[in-house]
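Chemist: The annotation active site, thioimidate intermediate is assigned in Swiss-Prot to CYS176 on the grounds of sequence analysis. According to Swiss-Prot, the NADP(+) binding site annotation covers 205-228, on the basis of sequence analysis.
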Amino acid sequence: MLNEFPIFDYEDIQLIPNKCVIKSRAEADTSVTLGNHTFKLPVVPANMQTILDENVAEQLAKGGYFYIMHRFDEAGRIPFIKRMHDQGLIASISVGVKDYEYDFVRQLKTDAPEYITIDIAHGHADSVISMIQHIKKELPDTFVIAGNVGTPEAVRELENAGADATKVGIGPGKVCITKVKTGFGTGGWQLAALRWCAKAARKPIIADGGIRTHGDIAKSIRFGASMVMIGSLFAGHIESPGKTIEVDGEQFKEYYGSASQYQKGAYKNVEGKRILLPAKGHLQDTLTEMEQDLQSAISYAGGRQVADLKHVDYVIVKNSIWNGDASH
């Protein structure tokens, strides 16, 4: 039962260092394998319209990073798969659960993507289970990620239906207001929810939402994630598709949630909002910094690879990690 677990989030946790066994952090291996492919980092940019478009997806794939293309350009998905496969790159797309998506999956038989993510806000649903089974029947070699969920029961059901990985996180993201609009979700206790779900999982978990710092990646791995999906830290780059807006001479980029009126084009069942982020530099600079910070984390863990983060001790420091420094 959940009540047996302490409830905490990222800022409440500090990992405890172990003796370092490598000469330099550059020796630490940050790569991770998901399905049949190995990627440079256990990190994937959120499959949102203001985070990536086809060009960003291509850049990530060429660089050896995992990506998941969003599902908001439905007609463009088959040409996108072809574009990636023509260059010898992996194709990784998203689908919903509406009736027409069943026909779409059948159309993929001639050129199946390596990864499909079933992407809906409340993934513990009969509609998701049915879509997992459909994809597994039509495209048995495609790796299926299903979500989003927030309970061990949901993880078990989606895995039993055939999902190869589950995505955990209901509304902890910076531009998600599910917790406010509905009263439900993992906002404020996402890391504890991840831990709770990971104890039931037999297959990989992707932690999705609530990541505010690079250290949160290491914490996610510690509490059971194989991969970490990140939105806001990947938004606002030069390559990011979001609109650039100037305010008082400063450049900002827009970042909005996948269930916002900005993405939907209509104010109906809205569970996302829009924010402006100060424009950042190049995406590759952030990826490089993430890799270096994760290498440092592995060295603090006394390890050589990502999996070594899973065994470190931790302490719960209720909201004191920033010592009153709210700038973070």
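Just so you know, glycine gets a Cβ as well, placed from its N, Cα and C.
Here the structure is a predicted model, which means the values were calculated and not measured.
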Chemist: Name the secondary structure element type, per DSSP in three states, that contains ILE217 (NADP(+) binding site).
Modeler: helix
Chemist: Mind giving me a neighbour count for PHE223 (NADP(+) binding site)? Other Cβ atoms within 10 Å of its Cβ, every protein chain shown.
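Modeler: Excluding its own Cβ, PHE223 (NADP(+) binding site) sees 24 Cβ atoms within 10 Å.
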Chemist: Inside 10 Å of the Cβ of HIS214 (NADP(+) binding site), count up the other Cβ atoms and send me the figure.
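Modeler: Within a 10 Å radius of the Cβ of HIS214 (NADP(+) binding site) lie 19 other Cβ atoms.
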Chemist: Which entry in the list of binding-site residues, SER220, SER226, has its Cβ near the fewest other Cβ atoms, using 10 Å as the limit?
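Modeler: The binding-site residues SER220, SER226 were compared, and SER226 has the fewest Cβ atoms within 10 Å.
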Chemist: I want to check the contact list for ILE211 (NADP(+) binding site): same chain, sequence separation of six or more, C-beta distance under 8 angstroms. What comes out?
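Modeler: Same-chain residues close to ILE211 (NADP(+) binding site) (Cβ under 8 Å, separated by 6 or more) are TYR10, ILE217, SER220, VAL228, MET229, ILE230, GLY231, SER232, LEU233.
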